[in-house]
Amino acid sequence: MWCSLALILILVTVSGIMCNRTDFCVGSPGIPGTPGSHGLPGRDGRDGVKGDPGPPGPMGPPGVMPGFPGCNGMNGIPGAPGERGDKGDPGERGPPGLPASLDEEIQTIFHNLKHKILQLTGVLSLQGSMLAVGDKVFATNGQSVDFNAIKETCARAGGDVAAPRNSEENTAISSIVKKYNIYSYLGLTEGHTPGDFHYLDGSPLNYTNWYPGEPRGRGKEKCAEMYLDGTWNDKNCLQSRLTICEF
């Protein structure tokens, strides 16, 4: 009997069979079976994180409809002036101009002014301080100064130093010189060549009335003066002479 129990225990140990209180047995793990077939596809997963932009694609074909015009650009740099064009044809003749004003008040003022000028001219002529010859008027202020001062005085008054261009003008200047009994400078100056005088504007003399033997300053006397008899003499420009201007 004890031998039978021992044998039973050995078999139980070897086979690893265990029984629980519910009267069923749990055996040791068996050999794995063959894999089963694939199941049905699962549901879509959630959207992943947004990736980086991809490279630009190739340029597409031209569109069918033109785009809207762009805004005006900035003004460019002005170009070089072009060549002068040909003279155009004369325009049509304009209508006749209006007649000169016949306003009585203006005419009265004009005549009064003209009368006063004639009166002033006459008074100065009687005093010997102003003489009109042709289109010229010769006048003096009675002062004796050097040549540069005379030239400045005449310029301030709107005239020039008196310079006769014919015998009639020479006689008029001479009469003023005699009136004041003082020699006067003339509007002449000597050039680079000794004895070669010209007018202050640079034009050559078209009339002369030199005293016999004059000019003979040999380049040292750059100005010209008038004697009481109306003849001329070359003289240095620093002497005091009668101021006579022409207008």
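Glycine is treated like the rest: Cβ placed from N, Cα and C.
Positions annotated as Ca(2+) binding site by Swiss-Prot, on the basis of similarity to another entry: Glu214, Arg216, Asn233, Asp234. For 41-50, 83-92, the entry in Swiss-Prot reads compositional bias 'Basic and acidic residues'. For 53-64, the entry in Swiss-Prot reads compositional bias 'Pro residues'. Sequence annotations record features per position, and here Swiss-Prot assigns disulfide bond to Cys154-Cys245, Cys223-Cys237 based on sequence analysis. Annotation comment: Swiss-Prot describes 131-247 as domain 'C-type lectin'. The annotation N-linked glycosylation site is assigned in Swiss-Prot to Asn20, Asn206. Summarising the annotation, Swiss-Prot assigns 4-hydroxyproline to Pro29, Pro32, Pro35, Pro41, Pro53, Pro56, Pro62, Pro66, Pro69. As annotated by Swiss-Prot, region 'Disordered' applies to 32-101. Feature annotation from Swiss-Prot assigns signal peptide to 1-19; the stated evidence is sequence analysis.
Feature map: annotations from Swiss-Prot on the structure.
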residue: Pro29; record: 4-hydroxyproline; Cβ neighbours (10 Å): 5
residue: Pro41; record: 4-hydroxyproline; Cβ neighbours (10 Å): 6
residue: Pro53; record: 4-hydroxyproline; Cβ neighbours (10 Å): 6
residue: Pro56; record: 4-hydroxyproline; Cβ neighbours (10 Å): 6
residue: Pro66; record: 4-hydroxyproline; Cβ neighbours (10 Å): 7
residue: Pro69; record: 4-hydroxyproline; Cβ neighbours (10 Å): 6
residue: Glu214; record: Ca(2+) binding site; Cβ neighbours (10 Å): 18
residue: Arg216; record: Ca(2+) binding site; Cβ neighbours (10 Å): 12
residue: Asn233; record: Ca(2+) binding site; Cβ neighbours (10 Å): 19
residue: Asp234; record: Ca(2+) binding site; Cβ neighbours (10 Å): 23
C-alpha of Arg216 (Ca(2+) binding site) to C-alpha of Pro62 (4-hydroxyproline): distance in Å?
99
Do any of Pro35, Pro53, Pro62, Pro69, Cys154, Cys245 (recorded positions) have a CA within 10 A of Asn233 (Ca(2+) binding site), and if so which?
none
Collapsed DSSP category at Cys154 (disulfide bond):
helix
Take the compositional bias 'Basic and acidic residues' (83-92) and find every residue of the same chain, 6 or more past its ends, with a Cβ under 8 Å from one of its Cβ atoms.
none
Using Cα positions only, nearest of the recorded positions to Pro56 (4-hydroxyproline) (Pro29, Pro69, Asn206):
Pro69
So what's the mean pLDDT when you look at the domain 'C-type lectin' (131-247)?
96
By CA-CA distance, flag whichever of Pro32, Pro41, Cys154, Glu214, Cys223 among the recorded positions is nearest to Pro62 (4-hydroxyproline).
Pro41
Helix, strand, coil residue numbers for the domain 'C-type lectin' (131-247) per DSSP?
24 helix, 39 strand, 54 coil
Structural state census, the compositional bias 'Pro residues' (53-64) (DSSP three-state):
0 helix, 0 strand, 12 coil
I'd like the number of other C-beta atoms within 10 A of the C-beta of Cys223 (disulfide bond), please.
25
Which one is it: of the recorded positions Pro29, Pro32, Asn206, Cys223, Cys237, whose Cα lies the shortest distance from the Cα of Pro66 (4-hydroxyproline)?
Pro32
